[in-house]
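Asks: Per TrEMBL, Zn(2+) 1 binding site is recorded for C452, C455, C492, C495. What TrEMBL lists as Zn(2+) 2 binding site is C461, C464, C479, C482. According to TrEMBL, the feature domain 'Helicase ATP-binding' maps to 219-388. Marked as domain 'Helicase C-terminal' by TrEMBL: 487-641.
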Amino acid sequence: MPAARVLIDGPSELVFDYAIPDGLNVQPGCRVRIPLRNKLSQGTVLDLVEQQDDLGFALRPLHSLSDPEPLITPNLLKAGRWIASYYGCSIESVIRALLPEAVRTEDNSAKVRKTVVLENEPSPEILAKLQKRAPKQAAILSLLTHAPDKKIALADLGDGASASVKSLAKQELVRLIEEEVRRDPEADGIEEILPDSPLPLNDEQEAALKVVLESLNAPSSSTPSSPILLHGVTGSGKTEVYLQAARATLDLGKTVLVLVPEISLTPQTVRRFRARFAGIQEQVAVLHSNLSQGERFDEWHRIRKGIARIVIGARSAVFAPLPDLGLILVDEEHENTYKQDQIPRYHGRDVAVLRAALENCTIVLGSATPSLESFQNTLEGKYKLVRLAKRADGQSLPLIRVLDMRLEKQKQKGGMAILSDRLRNALEQRLLKNEQSILFLNRRGFARSLQCPSCGHVCMCPHCSVPLTYHREDERLMCHICGHQAVVPRKCPECRDPAIALQGYGTQKVEEVIAKVLPQAKIARIDADAMRKKHALRDLLNAFQARKIDVLIGTQMIAKGLHFPNVTLVGILNADIGLHVPDFRAGERVFQLLTQVAGRAGRGDLEGEVIVQTFTPHSPSVQFARHHDFDGFAEQELEFRRQFGFPPFAHCAVLTSRSTHERRAEFTLQTLHRRLTENPPPGLMIGEPMPSPLVKTHGQFRFQLMLRSAKARPMTRHVQQVLQKTTLPEDVTVVFDMDAWSFT
Ligand SMILES: Nc1ncnc2c1ncn2[C@@H]1O[C@H](COP(=O)(O)OP(=O)(O)OP(=O)(O)O)[C@@H](O)[C@H]1O
Ligand SMILES: [Zn+2]
Ligand SMILES: [Zn+2]
């Protein structure tokens, strides 16, 4: 008689075996009710195990099944185990990701959503006090004051907001109510979508589709076909290839999973899927982050039953329980939003590749700027490479001009040098011709490097070839990889200019400047603040589409997948910023960003122009982007990565300790470092414990060290073993981030 090995819900990771009562069809992945101490609890069956005869006591029988069918399919359970061991996290945390809260809680029929309502406008004194003492509460209040109807769903405030809300409620500043919601996620202001039909493909698209179809039609008995990397320049019609591949998959009676970096930032992609499959609207499920619990529950079950046959969602949708999965599409596969920055810290694209292998289905990773990880996989023959080198509408890629802001700075004599004369003239011309412009402000990275405004010199680590980070508190420069330290130079080491200093300005400032030089222009701004209001982004993009706006100013948010035929000018104000952060992917990110942003120009009948303002005009990221030369960039960047032992030639993980108590956080990491170096697996490179670039956030001090190894598993295992053997002080949290994408 097999017994059921059950993982009990809850943070304590309890796993117990239970006997299976006669007549109960219990399988791995089933949700069950079990007796625990004196009450009934819920859990998930991880495995069926042989009951041992010599236990000396009888196992307690489990009580009942919560759902007659296993909620986690065998393949997803396998993926879950892989994630737990690869990323070094608990299987419980992975099950949480696999089964959304809405699906795990038993009473999911509730059609209510917990909503936070502003009860009393906070006085400036209270706000100031909160900003110091409880910044999270202050942030919630400021969100509420700007929200429509002064209310926001609790779920939209993100993980861990409950405590802050509770405390705000105690101060009678907010109220938590349960709001009735409609269960139709579409009912909420989605505009009418006109159906469209497939476009005749051009030769390149045809060839790309053929590769996908070959994989789709491969007999299921054969070995799984390799993942396909679709490298298509901006505007080359990748989406059309996705759409036709999706259609072919449905025709085979199979289902389709579409992953996008973020639903709200890729409205046009979502809209095109809806439009193409409009006749079978109910077959498309879009997993927004703002679904209520009830909606999420409904969608999840619609997917599991095979009613929804196309699922579009961000990272976590990789766990959507689609039956008969035939095709996974990962759009903008290079995007770092695919990496989850909370436990379990999985990478959505990598899990998608794993899932495709387990389900023996086709997977396409698409991008105009593929990650070097994926690209290297094509060079090693693990992935197939398919290319779309031309724009679908026959237009050429936009002309990119690089403007040396060091000269501009001299001309403008000590000013902030936000807008060059060249860019200003170009904007004026567009206004005269009634064409539109996008101005892009790079805001990545708060941890600033030191750059000379006169000659563009950046202070670099002599050992690691990454920029040194400036620590204001103690006026030091520090390398976050090896620990090298230097004093802040009084003069630029290159040109002797004493003005070497931090630069930084925001979208608001840009808006001011533009309004001054182009008083007649209609200007709008998209940034994190503007995004907060529901539908604000969509409304703004619609207004831009309708040409009610001349100049759109924005940050990273406008870099992705937008298609506006009347945009003929894109200005990139400060191409450098992201270049000088202490992150070996900095160059890659800047290249991606410049290419993607430039790709927003000239997507209609009119030719596009891109002006890139930079203090380092000769940096490879800028130059290769300017020449639309992905291969050139990849070759040089891969050489650098290989030489210094960075991904894709090694796995890179970060171990972080944090505490409100600075010394204890530091001491803990030093202890861990000592133990890690005691008998490391061969090939493991262990960095020095260092303050994080963001040393103090949310009142916590953070220290980190970087680990690298060509082999992933031995590294994760070694760290887990050391962590298990080490008793951490109560007020210190230690986080292990495998395949880290953020080093701040
Ligand atoms: N075969 C085709 N014939 C005519 N027009 C096409 C064809 N394929 C795509 N297009 C059009 O070309 C434009 C750009 O295509 P699409 O947005 O799919 O490109 P993309 O590669 O996804 O771009 P990006 O990476 O920049 O988001 C769209 O307006 C699309 O309708
Ligand atoms: Zn200088
Ligand atoms: Zn260094």
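These residue numbers are counts, starting from 1, taken along the chain as shown.
Every residue gets a Cβ built from N, Cα and C, even glycine.
Describe the structural surroundings of these features, if you would.
Replies: DSSP assigns C495 (Zn(2+) 1 binding site) to coil in the three-state reduction, outside any helix or strand.
Secondary structure at C479 (Zn(2+) 2 binding site), taken from DSSP and collapsed to helix, strand or coil, is coil.
Looking just at the domain 'Helicase C-terminal' (487-641), the mean pLDDT is 83.
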Asks: Highest Cβ count within 10 Å among the binding-site residues C452, C455, C495: which residue is it?
Replies: C452
Asks: Quick one: give me the count of other CB atoms within 10 A of the CB of C461 (Zn(2+) 2 binding site).
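Replies: Taking every protein chain into account, the count is 21.
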Asks: Whose Cβ, among the binding-site residues C479, C482, has more other Cβ atoms within 10 Å than any of the rest?
Replies: C479
Asks: Among C455, C482, C492, which binding-site residues lie by ligand 2, judged by Cβ under 6 Å to any atom?
Replies: C455, C492
Asks: State the count of C-beta atoms found within 10 angstroms of the C-beta of C492 (Zn(2+) 1 binding site), not counting that atom itself.
Replies: 21
Asks: Return the members of C452, C479, C495 (the binding-site residues) with CB less than 6 angstroms from at least one atom of ligand 3, or none.
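Replies: Among C452, C479, C495, near ligand 3: C479.
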